[in-house]
Amino acid sequence: MSAHASRHVSSLKLRDPEVAGAQRALLEGGRLTQEQGVRLFDAPVLELGRLADAVARDRHGARVYFTVNRQLNPTNVCVLSCRFCDYAKKAGDPDAYTMTKEQIVAHVDPAITENHIVGGLHNKWRFEDYLNVVRWVKEAKPSLSVKAFTAVEIDFFCRLTKRDAAWVLERLREAGLDALPGGGAEVFSERVRREIFHQKIGAQRWMEIHETAHGMGIPSNATLLYGHIETRAERVQHMILLRELEDRSPGFFAFIPLAFQPGTTGLVRRQASAIEDLKTIAISRLLFDNVPHVKSYWVMLGQDTAGVALNFGASDMDGTIGVEKIAHAALARSPVGLAEEAMVHAIREAGKLPVQRDALYRVIREYPRAEPAAAAPHGDGRGEQTAAASAVTR
Ligand code: V47
Ligand code: SF4
């Protein structure tokens, strides 16, 4: 880390010896090791947050990125049965669904700039059906950036077509795919895989597919599913393997820790605590010296923790996703506009500067700091701001 690039990190006075040790290592241009990463989980969360926030500020200033997007899940029918998944259904199940072309096209709201497509591994679909989903979305709005299909789905398409990942990815790119989302990585631990997702691809195949994509100029993200049966050491190991992948074949935009939602899975009794969430976000910011963003994914973290995470190293909030549906149900005049306001409000509340981006992190709009009147919880802007913020909470 150069002196110029480390203004915030170098000016920090830290009390905790472990976090101060991490600060020293970063200032000397070193990287945190597996052992340091694990030990940092026992450090005070506020000290971790101060250092991680300084790292994020040295990289991005006060900017926090978000996108006006929607998630499209064309089908929940899936041939696999991961133990942590509450979403997938078997064909014939009364709750199973498969969207028609009309439903898929209707999903493309003219106001969105990114579409995130992910779904089940359908027992009857061919590769062509998945390609059509991308084509239809892109035809409906050619300027839309499409982030589609996890490595698990790409591997499924390889098996359907008996072709390699490069061939499959090239066909998807021709159809309109711009980037790969980071799902399906779960935790890079054979022990955990055998326990809770033994039918799914493991670490090696997931990394092979992302390396291939990066080599072809297709950027991607990487996730970690935490807060179930994994250990902290396995979480850190996962991050280090991803850091090494990024060294070999750069192309990750963001690392996204996904807080496991127990739902009806019976795997654990409750979700990880907010402190554990913030530690995981902060430690990932400290470990990844080569990935631009750590994402605070509010859908899993909840709006409050996701907002706080913007002061613990996160510099991206994903997107509006389905907020506008809730706003619509509440009879808002401009549901997408309201969802966008909610993101802007959450980012400003954390003292940061909102930047709207597309899936390729091209800047669409930078928002100024809030005017004092707009930031205060009264005045003319109140109705919209408050309704927008509460739309995200539900
Ligand atoms: O791969 C499944 C996870 C992922 C649960 O790339 C669960 O920008 C929590 O990858 N509780 C899909 N998580 C979502 C995903 C994602 C989300 C947002 C942004 C991006 C991006 C990617 O969700 C799956 C799996 O790891 N998941 N079940 C659960 N019960
Ligand atoms: Fe759920 Fe994905 Fe596993 Fe299918 S592959 S069961 S959709 S997590």
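Every residue, even glycine, has its Cβ placed from backbone N, Cα and C.
In TrEMBL, annotation is done automatically, which means it is predicted and not curated.
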Practice task
Please find, within the list 188-210, 303-325, 372-394, the residue stretch that TrEMBL describes as region 'Disordered'.
Solution key: 372-394
Problem - Under 8 Å by Cβ from Glu186 (S-adenosyl-L-methionine binding site), same chain, sequence gap 6 or more - result: Phe84, Val192, Arg193, Ile196, Phe197, Lys200, Thr223, Leu224, Leu225
Completion exercise
Filtered by Cβ distance under 6 Å to ligand 2, the binding-site residues Cys78, Cys82, Phe84, Cys85, Glu186 reduce to Cys78, Cys82, Cys85
Completion exercise
Ordered by sequence, the long-range same-chain Cβ contacts of Cys82 ([4Fe-4S] cluster binding site) under 8 Å (at least 6 apart) are Ala88, Ile196, Phe197, Gln199, Lys200
